[in-house]
Amino acid sequence: MLCCMRRTKQVEKNDDDQKIEQDGIKPEDKAHKAATKIQASFRGHITRKKLKGEKKDDVQAAEVEANKKDEGPVADGVEKKGEGTTTAEAAPATGSKPDEPGKAGETPSEEKKGEGDAATEQAAPQAPASSEEKAGSAETESATKASTDNSPSSEAEDAPAKEEPKQADVPAAVTAAAATTPAAEDAAAKATAQPPTETGESSQAEENIEAVDETKPKESARQDEGKEEEPEADREHA
C-alpha cells in the first residue's frame, strides 16, 4: 500500500513538472506577470489622461497664438493703409504739377513758392476769424444774460403802461354809449310821433327805426365791454 501511494504521488508530481516544463512558466511567475500587466494598464490610462489634458492645453495655446498672429498682420495692414492714405493725400498737396512744354524750367519753383504763400495767407486769416467768432459768441451770451436779467423789470414797467390805455378806453366807450343812446331815442320818438301821411315820410321813418335797431345791439355790446373792462381795471389797480 505504501509503495502504491508513493508511486501515485510521484506520478502526479511528474505530471505537474511536465506541465511546467512545457509552459516554461511557474504559477507564481504568472501571478506576478498578471499584476504587472494590471499596473501597466493603469499607469497607461493615467498617462493617457495626462497627455489628453496637455494636448488640450497645447491646442488652446496654439489657437490663442494663431489668433494673435492673425490680429497682428491685420492691424499692421490697417496701419499701413492709413499711412498710405495719408501719404497719398499729402503727395498731391505737396507735389508740383508737371511742367508744360512751352514754360521755362523755373516755373515749378515759382509755383511752389506761390502755393506756400497762399497757405500762409489762408492760415493767417483763419486765426483772427476764429478769435472774432469766439468774441462774438461771448458778446451774444452776455447780451442774452442781460436781457433775461432785465426781463422782470421791463415787465413791471410795461404793466402800468398797459393799465393807463385801458383806463383811457373805458371812459371813452362809456361816453360814446351815452352820446349815442339819446340820439337814437330821439329819432325813435320823432318817428313814432309823426303820422304816416306820405310814403316818403314813412320810408324815412322805417329807415330811422332800422338804424336805431342796428345801433342798439352795438351800444349794448359796447356797454358790456365797458362793464367787463371796469372790474379788470379795478383789479389791476388793486
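Glycine is no exception: its Cβ is also placed from the backbone N, Cα and C atoms.
As written in Swiss-Prot, here are the features:
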type: LIPID; residues: Cys3; note: S-palmitoyl cysteine
type: LIPID; residues: Cys4; note: S-palmitoyl cysteine
type: COMPBIAS; residues: 9-32; note: compositional bias 'Basic and acidic residues'
type: DOMAIN; residues: 31-60; note: domain 'IQ'
type: MOD_RES; residues: Ser41; note: phosphoserine
type: COMPBIAS; residues: 54-83; note: compositional bias 'Basic and acidic residues'
type: COMPBIAS; residues: 84-95; note: compositional bias 'Low complexity'
type: COMPBIAS; residues: 97-116; note: compositional bias 'Basic and acidic residues'
type: COMPBIAS; residues: 119-130; note: compositional bias 'Low complexity'
type: COMPBIAS; residues: 139-150; note: compositional bias 'Polar residues'
type: MOD_RES; residues: Ser151; note: phosphoserine
type: MOD_RES; residues: Ser153; note: phosphoserine
type: MOD_RES; residues: Ser154; note: phosphoserine
type: COMPBIAS; residues: 168-199; note: compositional bias 'Low complexity'
type: MOD_RES; residues: Ser202; note: phosphoserine
type: MOD_RES; residues: Ser203; note: phosphoserine
type: COMPBIAS; residues: 213-225; note: compositional bias 'Basic and acidic residues'
type: COMPBIAS; residues: 226-238; note: compositional bias 'Acidic residues'
Q. Mean pLDDT, the domain 'IQ' (31-60)?
A. 84
Q: Would you mind checking how many other C-beta atoms are within 10 angstroms of the C-beta on Ser41 (phosphoserine)?
A: 10
Q | Residues in the domain 'IQ' (31-60) grouped by DSSP into helix, strand and remaining coil | A | 30 helix, 0 strand, 0 coil
